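According to TrEMBL, the protein carries these features:
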REGION    1-88  region 'Domain I, interacts with DnaA modulators'
REGION    107-323  region 'Domain III, AAA+ region'
DOMAIN    140-268  domain 'AAA+ ATPase'
BINDING   Gly151, Gly153, Lys154, Thr155  ATP binding site
REGION    324-444  region 'Domain IV, binds dsDNA'
DOMAIN    352-421  domain 'Chromosomal replication initiator DnaA C-terminal'
Amino acid sequence: MAKSSLTEIWELVLNSLGPKLDQETFELWQQSVHPLGFHRDTFFIQVPNNFFRDWLVTRYAPIIKSTIQSIAYHDMEVQFLPADEVDESLLSRIRKTIPKQPADICHLNPRYTFDKFVVGDSNRFAHAACRAVAEAPAETYNPLFIYGGVGLGKTHLMHAISHHILHSGNHMRVSYVTSEKFTNDLIAAISQRESSQFRERYRSMDILLVDDIQFLAGKEKTQEEFFHTFNTLYESNRQIIISSDRPPKEITTLEDRLRSRFEWGLITDIQPPDLETRIAILRNKAQFDNITVHDDTLEYIAQHIKSNIRELEGALIRVVAYASLYKLPVTTELAASVLKDLLPKRTPIQITPDLIQEKVASYFGIKCEEFKSRKRTRNIAFPRQVAMYLCRELTDLSLPDIGKEFGGRDHTTVLHAFEKISEQLSQDSLLEETITKIKQNILG
Ligand SMILES: Nc1ncnc2c1ncn2[C@@H]1O[C@H](COP(=O)(O)OP(=O)(O)OP(=O)(O)O)[C@@H](O)[C@H]1O
């Protein structure tokens, strides 16, 4: 793990103190206060005498503490030692470096912690599983697979696990990445001929969290790489946490060997929250942002935005922003008027082959262009047949016209796709669920 040296750390401390001290005090600091180093979770600083120590403790200890914590990323104590208390035995024990916060965790959202997560029936099990994993990584559920719809708190829980472990003082190496970042890192590593560094980086983690794994669907090379990363971590008893918008068995273009590994540990889901939980989430958000909103208004918002917590919070922000912009009180009437704009307008949807291709491609994690390509590998051919089937079912287009939308294919190809999917649908309930979900996405 990368380390920060004492000189680097002290420079950062002086930088954060600088704006708070006048020139004279700053010089006094530089001459009389000296960093000694670290022992366990304490940072020792030498000061000339007790009087100096008391002055520093009351005024500056919190700033120094938070600077050190931002480097070490866990709770650190700061202790000022008068020069006559610094003895050889302490000096021989202290270290001159501390492990640095790994770069991968820099983008953790500080608000996504367990104490900011509202627990209700819809997420109780997922929350408990995440807590258990955070308390004892790799000892309870490994891998932990969390799935649920858009904006229901999967990322929040993954960040909460990361924060918890990083603050526990275990000095574990934690990496939270989206599957998109994993893929981009891999592509960059291959193009820069740094594949071994890529592997070393991901395989040296104690805890690896990969968000939105469904986007690995159809990406064969990335899946291969992730498969080996998974094996290395799992075999050396390190924790893997994965999130997705659907359970493993529904990520249809994910390799079987990867899918079955995801099922080794615990699979837990998050459902849309009930009304009470939605109100509690809004209340917490208002409290956190220091805004006063009457319970009736919160309830009104919660009643109207039901299935996505990101949108729920967005609605509250919008109402409050509107009120502050026009200097109006936040009332239920105001919320009603603002939400009128927010709720989707019910214009009839035009179902076109482009729309169908876009939704099918996004579901299977492939590009729309692939539908028109000549590729016949299963990860492309199958979604293409599904898209043809849906064009036949949801539009009035003729078979030749559908064929044209798929790179000028013959009408017999379209008919074959339609018949094949229709036949499979009568025997395969998983496929039925898949088609239903895609239809829901198309119909909005
Ligand atoms: N139970 C909860 N308590 C408090 N806030 C929550 C809860 N669940 C979700 N949120 C908030 O809702 C927002 C969306 O959550 P998050 O990004 O974790 O969703 P997600 O399931 O990862 O979504 P996506 O599928 O888009 O990746 C965040 O601001 C998060 O803090």
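FYI, residue positions are counted from 1 along the chain as it appears here.
Just so it is clear, glycine is given a Cβ too, placed from its N, Cα and C backbone atoms.
Remember, TrEMBL labels are computer predictions, not curated facts.
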**Prompt:** Which are the residues of the chain, Gly151, Gly153, Lys154, Thr155 excluded, whose CB is within 8 A of where the CB atoms of the ATP site average out, their centroid?
**Reply:** Gly148, Val150, Leu152, His156, Leu157, Ser243, Ile270, Ile309, Arg310
**Fill in**
Quick tally, other C-beta within 10 angstroms, Gly151, Gly153; top of the binding-site residues is Gly153
**Asked** Hey, what's the Cβ neighbour count for Lys154 (ATP binding site) at 10 Å?
**Response** 25
**Asked** If you run the three-state DSSP split on Thr155 (ATP binding site), which class comes out?
**Response** helix
